[in-house]
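Novice: Straight out of Swiss-Prot:
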type    : residues       : note
BINDING : Glu252, Asp296 : Mg(2+) 1 binding site
BINDING : Asp296, Asp298 : Mg(2+) 2 binding site
DOMAIN  : 246-327        : domain 'Toprim'
ZN_FING : 37-61          : zinc finger
Amino acid sequence: MILKSSIDRLLQTIDIVEVISSYVDLRKSGSNYMACCPFHEERSASFSVNQVKGFYYCFGCGASGDSIKFVMAFEKLSFVEALEKLAHRFNIALEYDKGVYYDHKEDYHLLEMVSSLYQEELFNAPFFLNYLQKRGLSMESIKAFKLGLCTNKIDYGIENKGLNKDKLIELGVLGKSDKEDKTYLRFLDRIMFPIYSPSAQVVGFGGRTLKEKAAKYINSPQNKLFDKSSLLYGYHLAKEHIYKQKQVIVTEGYLDVILLHQAGFKNAIATLGTALTPSHLPLLKKGDPEILLSYDGDKAGRNAAYKASLMLAKEQRKGGVILFENNLDPADMIANHQIETLKNWLSRPIAFIEFVLRHMAGSYLLDDPLEKDKALKEMLGFLKNFSLLLQNEYKPLIATLLQAPLHVLGIREPVSFQPFYPKTEKPNRPQKFAHVSSMPSLEFLEKLVIRYLLEDRSLLDLAVGYIHSGVFLHKKQEFDALCQEKLDDPKLVALLLDANLPLKKGGFEKELRLLILRYFERQLKEIPKSPLSFSEKMIFLKRARQAIMKLKQGELVAI
């Protein structure tokens with residue numbers, strides 16, 4: 001039999017919208033998703049899916065249930081078959097037991113009772129309450145996250161309420177002495193942070209001591225309910241906000257989460273003192289949010305951010321990394337009323353791929369040519385995980401970080417373009433650009449270049465040697481669709497049918513050159529305002545000025 005805890009974990013981890021949308025076409029409608037019911041014939045949509053609560057309901061035929069029941073009904077599978085199919089699809093390990101089919105209601109109830117005892121103790125301990133308030137926590141936050149305190153009185157509370165001690169040992173609330181047949185409080189003299197499953201059941205605890213010599217934080221030991229490699233602190237309170245905002249902030253500490261929620265960042269969660277692991281991904285991916293890693297800027301924080309970014313980059317997740325330097329962290333910034341500064345920092349993450357490349361470059365002594373060569377091989381090896389389009393996007397960054405020639409990375413260096421002229425025509429010097437006032441608008445120019453590429457696909461090989469999608473401000477999606485050969489994209493079809501785009505024989509190179517010129521002119525304005533270091537800014541500015549000069553002389557220059 002499959003353990004009940006294993007089934008609960010699967011349901012808490014998978015996204016019902018992702019499950020059902022692979023069978024029927026779901027459309028967003030308010031806070032829910034709607035579709036025509038797959039279980040009876042209808043013309044208007046009456047089948048509703050609630051992503052937050054994880055269930056579906058049809059107002060027409062009354063069909064309802066969770067992800068497992070949907071797969072059972074749609075594919076005509078047994079309960080176990082549907083479970084195993086979902087577990088295989090989402091890479092979730094199921095636990096089996098040959099004996100009794102366990103129901104963990106008693107376990108959840110016990111942990112909830114213990115959590116209540118901890119809460120009562122905290123409100124009778126002014127010293128510990130004062131500590132939390134000095135850290136910036138309000139009473140409302142302390143109550144919302146149900147913080148508590150473990151004192152010797154908890155033993156009396158357990159006895160008084162007749163709680164099952166053997167169960168509490170299994171669940172990690174109590175420990176048992178090896179030498180004496182006695183139990184002891186595992187979290188004695190610690191501030192208690194109850195840890196919840198995504199469905200808001202207490203499954204364990206984290207405990208913080210104020211003593212100097214003891215381990216600052218300890219968690220419940222691994223058990224049938226508590227798996228710290230897949231749980232996320234605060235997720236049960238954050239999940240609805242994550243779905244609505246399409247963004248999740250991952251921090252390193254319990255206090256960070258509580259203070260972020262208190263300051264209005266209610267989409268914040270934390271790992272349980274562990275690195276981000278593949279086991280966290282199913283939960284993090286629910287609702288397809290942008291993932292922001294909010295880590296300390298010390299060596300440990302940078303290394304943790306690097307490992308997490310490697311994983312998230314390969315998963316091609318949206319988001320990035322924010323490192324807090326100079327011993328700052330979100331909790332300190334909120335306590336010091338620097339909320340606007342924090343908002344600004346969180347709005348400027350470093351994309352995962354870029355962060356990985358910068359970290360790799362920083363791991364080598366780049367003054368040594370052999371070290372630089374090793375760095376280049378590692379960075380290019382990492383980029384091989386991605387499409388050619390993404391590789392071309394990031395190769396110029398590698399060139400900048402390593403101060404390496406572009407051709408080493410397979411990027412075409414600036415060259416003079418030699419146009420083809422029929423023998424009947426006299427070759428003229430490449431035409432220089434007229435004054436800016438006579439130039440077409442950037443949007444029109446972008447349309448024109450893409451139209452040329454649609455009309456003559458052989459030009460695309462030439463184009464990608466010089467430009468990438470970052471050149472386009474208005475038509476980036478169209479260029480990406482073209483590179484991915486999505487020729488039935490409605491926006492590409494519209495460009496192909498646009499009668500207001502005058503194409504001239506042999507005119508593509510001139511328009512491409514003009515588009516690249518406009519890009520480098522923007523760079524001259526944007527680079528000084530960028531977060532790059534001074535030396536990096538100087539490198540980019542010098543290259544932009546040189547490129548503009550060559551473009552105005554009629555040469556094609558690679559970006």
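Including glycine, each Cβ sits where the backbone N, Cα and C put it.
Here the structure is a predicted model, which means the values were calculated and not measured.
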Novice: Around Asp296 (Mg(2+) 1 binding site), how many other C-beta atoms are within 10 angstroms of its C-beta?
Specialist: 21
Novice: Ranked by the number of other Cβ atoms within 10 Å of their own Cβ, which of the binding-site residues Glu252, Asp298 ranks first?
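Specialist: Result of the Cβ crowding comparison: Glu252.
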Novice: Based on DSSP, name the secondary structure state of Asp296 (Mg(2+) 1 binding site): helix, strand or coil.
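Specialist: The three-state answer is strand.
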Novice: Six or more residues out from either end of the zinc finger (37-61), which same-chain residues have a Cβ under 8 Å from its Cβ atoms?
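Specialist: Answer is 11, 15-17, 20, 23-24, 26-27, 29, 31, 67, 70, 73-74, 239-240, 243, 287.
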Novice: Tell me, what is the mean pLDDT of the zinc finger (37-61)?
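Specialist: Mean pLDDT across the zinc finger (37-61) comes out at 90.
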Novice: Which whole-number value in Å describes the distance between the Cα atoms of Asp298 (Mg(2+) 2 binding site) and Glu252 (Mg(2+) 1 binding site)?
Specialist: 12
Novice: DSSP on the domain 'Toprim' (246-327): how many residues come out helix, how many strand, how many coil?
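Specialist: The domain 'Toprim' (246-327) comes out at 33 helix, 21 strand, 28 coil.
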